[in-house]
Amino acid sequence: MAKTNKQMSEELDKKLDALEYLKDESNYLRGTIEQGLADPLTGAISDDDTKLLKFHGSYQQDDRDLRDERRKQKLEPAYSFMIRVRLPGGTATPEQWLAMDDISNNYANQTLKLTTRQTFQFHGILKRNLKTSMKKINESVLDTIAACGDVNRNTMCNPNPYQSHIHKEINNYATKISDHLLPKTNAYHEIWLDGEKVLDSSEEIEPMYGKKYLPRKFKIGIALPPSNDIDVYSQDIGLIGIVEDETLVGFNVTVGGGMGMTHGNTDTYPQVGRLAGFVPKEQVVDVCEKILTIQRDYGNRENRKNARFKYTVDRLGVDKVVEELNTRLGWEIEEPRDFEFEHNGDRLGWIEGDKGVWNYTLFIQNGRVKDTEDYQLKTALRKIAETHTGDFRLSPNQNLIIANVTPEKKEEIQSLIDQYGLTDGKNYTGLRRNSMACVAFPTCGLAMAESERYLPSLISKIEDLLDEAGVDDEEITIRMTGCPNGCARPALAEIAFIGKAPGKYNMYLGGGFKGERLNKLYKENIGEQEILESLRPILMDYGKERLEGEHFGDFVIRSGVVAKVHGGQDFHS
């Protein structure tokens with residue numbers, strides 16, 4: 001007997017991941033967050049509300065360094081909250097920098113984290129300070145809406161210090177895309193900004209997302225050749241700016257990139273975006289919306305481990321995705337235009353832009369802005385912000401560009417750089433300059449191993465090997481994450497470490513220097529000694545046998561150390 005539509009619908013609903021029900025029943029992301037914030041008996045909120053809180057730009061965390069001791073004392077974990085700002089294109093004014101600095105000093109752990117998606121993160125905010133922190137962020141004309149959660153996340157763009165007029169235009173598109181793809185619910189303003197409450201939520205709608213929002217997070221980034229600093233192939237939607245006669249004419253579109261996977265589950269894998277076509281710049285916002293709705297309608301809502309857009313694209317095929325996109329647009333996107341990437345790192349130090357302005361790219365190891373006894377980075381940047389008349393651009397490599405510096409201000413800012421001993425990184429090895437690490441311990445609940453706190457010291461030991469091999473000047477990308485979620489985009493690095501357990505990592509080799517190719521597992525679950533013992537002969541061979549201009553990632557493939565990865569489906573093979 002044939003099943004009725006109602007029966008089929010009920011059976012389908014039974015298969016959904018539990019979070020799909022939570023979103024559907026959350027009253028458009030309200031849940032009981034407000035009540036949880038008001039509860040003085042715990043530093044936490046409910047498990048369900050922690051999942052909804054992500055859509056508001058915050059994660060509940062605890063200090064994992066203190067877990068065991070607090071458990072022995074029969075105390076609840078040392079709960080705190082991370083807040084992530086929505087900052088399309090990573091551009092902030094000096095006034096906004098000062099506001100972020102104040103928030104970090106007054107409510108967080110006195111540091112700022114510049115993320116791999118070009119925004120600010122605050123760590124260590126106590127529940128009683130969470131709402132005040134949110135208000136202070138909004139008072140600076142920034143917000144945290146959709147910085148996390150199953151929605152479009154912070155839209156990235158190339159912080160190009162060369163062509164200021166092109167950068168301004170693509171940054172505007174990053175902002176337009178971000179604003180257009182925001183959730184429409186009033187929940188954020190009600191909870192954090194004391195906005196007027198919607199009395200009848202049945203009147204509230206999410207015309208683009210619907211009550212369940214997306215199956216998983218969604219990421220968009222804009223690259224501007226020759227720089228692939230945003231790692232365009234790691235994005236769910238990658239936009240590659242096409243400039244003709246010094247005019248931005250449109251974007252090549254890639255679909256289905258993503259870094260995350262699950263250890264031991266070969267059905268999960270990182271993937272590079274595939275070229276879909278070219279679109280005129282005037283249509284790019286609509287194109288992004290239509291692609292997002294394809295993921296909304298076709299994405300996997302039964303298994304969150306296979307819910308990212310990359311799996312949807314792999315399941316349907318790029319041609320089917322393009323066909324569906326053309327149908328939803330009502331017109332056909334064009335064939336991709338020619339372009340070429342040369343690198344995915346930052347251009348450090350002073351660079352002259354057009355119209356007579358200057359830009360200084362400051363090297364900030366792993367994006368952590370803090371003061372230490374011998375390096376007053378946070379204080380120095382505050383002093384610069386107090387006099388700077390241009391803007392600040394957070395780079396996708398966790399560095400900072402002091403941008404649009406007038407000739408009149410350049411000497412004053414250089415004086416502050418000298419006074420505080422700030423560095424553009426040119427005195428470091430190419431390996432350290434091209435390094436990235438996620439936060440991991442002690443705050444990230446997903447971390448299996450150290451990352452930000454460990455990578456700098458590991459690099460120092462690898463640098464000894466580079467010096468021995470005579471390749472310490474070579475630009476080599478190295479990245480580390482404490483878990484396989486891929487926040488520092490490790491699967492695209494020439495050398496990568498993904499945490500498996502405290503002190504143990506999977507080591508991957510052979511990513512593309514331009515961010516165009518995934519790397520390959522070389523050794524599994526190894527500690528520092530084996531890491532160094534494994535790398536030494538490879539680096540020695542690289543020093544002796546590399547071709548002129550050959551990057552390390554290309555060398556390890558040519559020499560047979562690892563096989564070339566052509567796409568996510570053969571990442572584990």
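The backbone N, Cα and C atoms fix where each Cβ goes, and this holds for glycine too.
Because the structure is a prediction, the values reported are computed rather than measured.
The annotation [4Fe-4S] cluster binding site is assigned in Swiss-Prot to C438, C444, C483, C487. The siroheme binding site annotation in Swiss-Prot covers C487.
Structural mapping of features recorded in Swiss-Prot.
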residue : record                        : Cβ neighbours (10 Å)
C438    : [4Fe-4S] cluster binding site : 28
C444    : [4Fe-4S] cluster binding site : 22
C483    : [4Fe-4S] cluster binding site : 22
C487    : [4Fe-4S] cluster binding site : 22
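Sequence-ordered, the extra residues of this chain that approach the [4Fe-4S] cluster site, with Cβ no more than 8 Å from the Cβ center of C438, C444, C483, C487, are V439, A440, L446, A447, S451, T481, G482, N485, A488.
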